[in-house]
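Colleague: Dropping the structure in here first, questions after.
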């Protein structure tokens with residue numbers, strides 16, 4: 001079934017206008033924390049897809065062992081090799097805190113790995129992001145991290161988790177979700193068990209759920225919402241994707257969701273828009289929007305590459321996928337020079 005029209009309308013409301021009214025940074029400053037010695041592709045795909053969907057700036061916060069490879073993939077990325085194995089989290093805290101204060105969203109997990117020092121830096125980053133009221137995306141080994149200590153993310157409603165089939169199963173077991181619950185309903189129970197964190201369960205259809213319960217005074221302060229506010233919402237995104245599932249597609253999803261969260265933060269801060277969308281809805285809207293774009297980009301790339309599709313083939317399709325879904329009259333896409341001057 002199609003995504004409800006009111007959801008699409010609200011997503012469009014948090015998309016920055018292409019009318020020359022914004023300056024650099026007001027269409028989103030995105031951070032990706034991940035990238036250890038063996039994993040350089042994942043943080044690249046997450047950060048470059050953030051730019052391809054329309055973020056202004058994309059930063060990669062990584063280990064020095066990954067930095068040179070990531071820099072070589074694209075000069076458009078800003079790479080910070082500050083996650084040193086010989087440094088303690090407290091030694092890195094001032095630098096990391098200063099960096100995150102300049103960003104709108106932090107995506108944690110692509111290429112993170114499970115080495116102790118990287119996991120400790122990821123925990124530190126999540127805690128700083130929460131202190132600063134940032135939006136968060138947790139993916140890949142950040143989901144494993146959260147599963148080991150659920151308090152890291154519990155109750156933080158400005159976060160989106162993006163588990164695949166195995167990650168969702170592991171998270172459900174960690175939360176002791178009743179396995180007899182119908183599969184299509186489990187994401188709602190996971191969201192509630194996590195205190196209202198938005199869950200994007202990836203699969204044949206993507207299921208996005210937010211189930212919060214009433215916010216306590218402390219939860220309201222943490223999440224910048226009204227005391228007693230609650231939400232219970234489930235959206236299924238079933239637009240066709242490509243028939244080849246390649247490693248790295250989830251990183252493109254993380255970058256896409258992250259960018260839409262960054263737009264939501266710019267909207268929340270008054271950089272553009274009319275303030276009609278409450279901040280509490282932004283995680284769900286960003287998750288739906290990112291899912292729509294990623295699945296459409298996958299379909300477009302698969303139609304050209306077929307069985308030989310690799311993740312890199314999806315990158316040039318992101319702009320067209322975005323225009324296909326949201327860009328009726330999108331300036332600059334498929335328009336002639338004369339059209340763009342109008």
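Backbone N, Cα and C define each Cβ position, glycine as well.
Straight out of TrEMBL:
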| type | residues | note |
| --- | --- | --- |
| BINDING | 111, 164, 165, 166, 167, 168, 169, 170, 251 | (6S)-NADPHX binding site |
| BINDING | 202-206, 241-250 | ATP binding site |
| DOMAIN | 7-325 | domain 'YjeF C-terminal' |
Colleague: Just to confirm: which same-chain residues, 6+ apart in sequence, have a Cβ under 8 Å from the Cβ of residue 242 (ATP binding site)?
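Modeller: Result: 298, 299, 301, 302, 303, 309.
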Colleague: Here's one to test understanding: among the binding-site residues 202, 204, 206, 244, whose C-alpha is closest in space to the C-alpha of residue 251 ((6S)-NADPHX binding site)?
Modeller: 202
Colleague: Using Cβ-Cβ distances, find the residues under 8 Å from residue 202 (ATP binding site) that belong to the same chain and are at least 6 apart in sequence, listing them in sequence order.
Modeller: 162, 163, 164, 165, 168, 250, 253
Colleague: Measuring Cα to Cα, tell me the gap between residue 248 (ATP binding site) and residue 111 ((6S)-NADPHX binding site) in whole angstrom.
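Modeller: Answer for this pair: 10 Å between alpha carbons.
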Colleague: Cα-Cα separation of residue 244 (ATP binding site) and residue 167 ((6S)-NADPHX binding site), in Å?
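Modeller: Distance between the two Cα atoms comes out at 20 Å.
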Colleague: Work out how many Å separate residue 204 (ATP binding site) and residue 169 ((6S)-NADPHX binding site) at their Cα atoms, rounded off.
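Modeller: Residue 204 (ATP binding site) to residue 169 ((6S)-NADPHX binding site), Cα-Cα distance: 15 Å.
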Colleague: Would you mind reading off the Cα separation of residue 246 (ATP binding site) from residue 169 ((6S)-NADPHX binding site), to the nearest angstrom?
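Modeller: Cα-Cα distance, residue 246 (ATP binding site) to residue 169 ((6S)-NADPHX binding site): 20 Å.
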Colleague: Highest Cβ count within 10 Å among the binding-site residues 165, 204, 246: which residue is it?
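Modeller: Its Cβ has the most other Cβ atoms within 10 Å: 246.
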Colleague: Over the domain 'YjeF C-terminal' (7-325), what is the model's mean pLDDT?
Modeller: 96
Colleague: At the Cα level, what's the spacing in Å between residue 167 ((6S)-NADPHX binding site) and residue 206 (ATP binding site), rounded?
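Modeller: Between the alpha carbons of residue 167 ((6S)-NADPHX binding site) and residue 206 (ATP binding site) there are 14 Å.
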Colleague: How many other Cβ atoms are found within 10 Å of the Cβ atom of residue 244 (ATP binding site), counting all protein chains shown?
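Modeller: Other Cβ atoms within 10 Å of residue 244 (ATP binding site): 16.
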Colleague: Which one of these binding-site residues has the most other Cβ atoms within 10 Å of its own Cβ: 167, 206, 251?
Modeller: 251
Colleague: When you measure from the Cβ of residue 169 ((6S)-NADPHX binding site), which residues in the chain that are at least 6 apart have a Cβ under 8 Å away?
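Modeller: Within the chain, residue 169 ((6S)-NADPHX binding site) has no Cβ neighbours under 8 Å at 6 or more residues' separation.
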